[in-house]
DNA sequence: GGCCTTTATGCAACTAGTTGCAAAACAACG
DNA sequence: CGTTGTTTTGCAACTAGTTGCATAAAGGCC
């Protein structure tokens with residue numbers, strides 16, 4: 001139930017069309033809530049029907065024609081309500097850890113290469129985040145809004161740091177394992 | 001596409017009935033791949049139809065009557081194939097980080113209490129994991145199988161450690177924020 | 001003008017996970 | 001023996017997310 005709220009947040013930051021939202025979901029917001037353009041258009045329709053957002057009046061609604069949305073007071077209220085409401089943390093789902101656990105039973109053949117690949121991907125993501133941090137949060141930029149955003153980015157950085165460290169450690173362990181164990 | 005493989009792994013570790021599997025998903029395996037009993041029964045049906053597992057011959061199949069499954073060679077082969085196959089990491093979805101980002105726009109009212117609650121939950125989970133580590137991985141228990149399982153547990157411990165630290169830091173920042181900011 | 005690519009919007013079908021409920025076997029209680 | 005509660009299995013409907021494809025406008029190009 002988070003996608004509509006992700007969209008409301010994005011639209012409050014800046015009114016946008018479906019495609020612009022899609023692009024922003026590929027960057028900042030998508031780092032912790034990804035969505036495809038199909039999902040976004042579907043949800044924009046629902047949010048408009050519910051009276052949470054409206055199309056900016058300027059242009060007529062036709063296919064292939066840009067249509068921008070802005071958040072209405074009802075939408076902002078709903079977002080505030082959702083943000084403040086208590087929510088239980090959902091349990092993780094991590095296929096990589098699952099594969100490792102399977103490997104403990106059926107053997108580690110073939111897994112190492114993919115661990116190495118994941119390590120590279122996480123390193124790259126970490127480098128991206130750190131570049132964003134330098135660009136968007138120079139020392140002194142500490143209005144409440146900035147502090148909170150920075151906090152979110154720090155979570156991303158620390159998570160990627162964790163994964164690179166853990167994967168590095170895992171690969172070291174693999175190196176010490178006897179070859180091809182159906183352990 | 002991971003649930004069937006989670007079940008195969010669990011059944012290889014020990015043949016079980018649906019209910020036993022459900023219980024084990026609430027403990028060890030569920031720490032990184034949770035599932036309800038309804039999902040598990042449905043999936044057991046599919047896996048049996050595909051010839052990956054079979055019901056242990058002992059008892060007749062009737063409703064309300066215990067039925068245990070074991071993995072067939074085809075199931076083991078499928079699990080090995082899946083474990084070795086390259087898979088892209090799926091992007092995270094974290095509602096809490098999303099809420100924080102929303103809070104940067106609509107204000108942090110009400111969020112702090114839930115952050116505190118999450119911190120408690122993560123601390124408890126961390127304590128659980130550490131107890132499991134002490135119990136199941138004493139020094140010297142380092143056969144390949146144990147090392148890999150330990151690696152998975154370490155990921156859980158380190159992730160919970162990250163969250164407790166990050167939430168603690170976030171709460172410190174909140175304390176410094178001016179009251180009730182629609183920042 | 002006709003053709004190709006890019007931009008922008010969107011529908012439909014499918015897959016995976018969640019929620020609500022129920023039915024069959026069994027055990028215990030009086 | 002009937003009632004009540006627990007264990008075990010399972011169906012059905014719903015929600016959320018994914019995948020594949022379609023349609024329309026706009027701009028470049030020859």
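Including glycine, each Cβ sits where the backbone N, Cα and C put it.
It should be emphasised that the depicted structure is a prediction, and the values quoted were computed from it without experimental measurement.
What TrEMBL records for this protein:
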| type | residues | note |
| --- | --- | --- |
| DOMAIN | A:7-80 | domain 'Transcription regulator PadR N-terminal' |
| DOMAIN | A:93-173 | domain 'Transcription regulator PadR C-terminal' |
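When the domain 'Transcription regulator PadR C-terminal' (A:93-173) is classified with DSSP, helix, strand and coil residues number 68 helix, 1 strand, 12 coil. Sorting each residue of the domain 'Transcription regulator PadR N-terminal' (A:7-80) by its DSSP state yields 40 helix, 10 strand, 24 coil.
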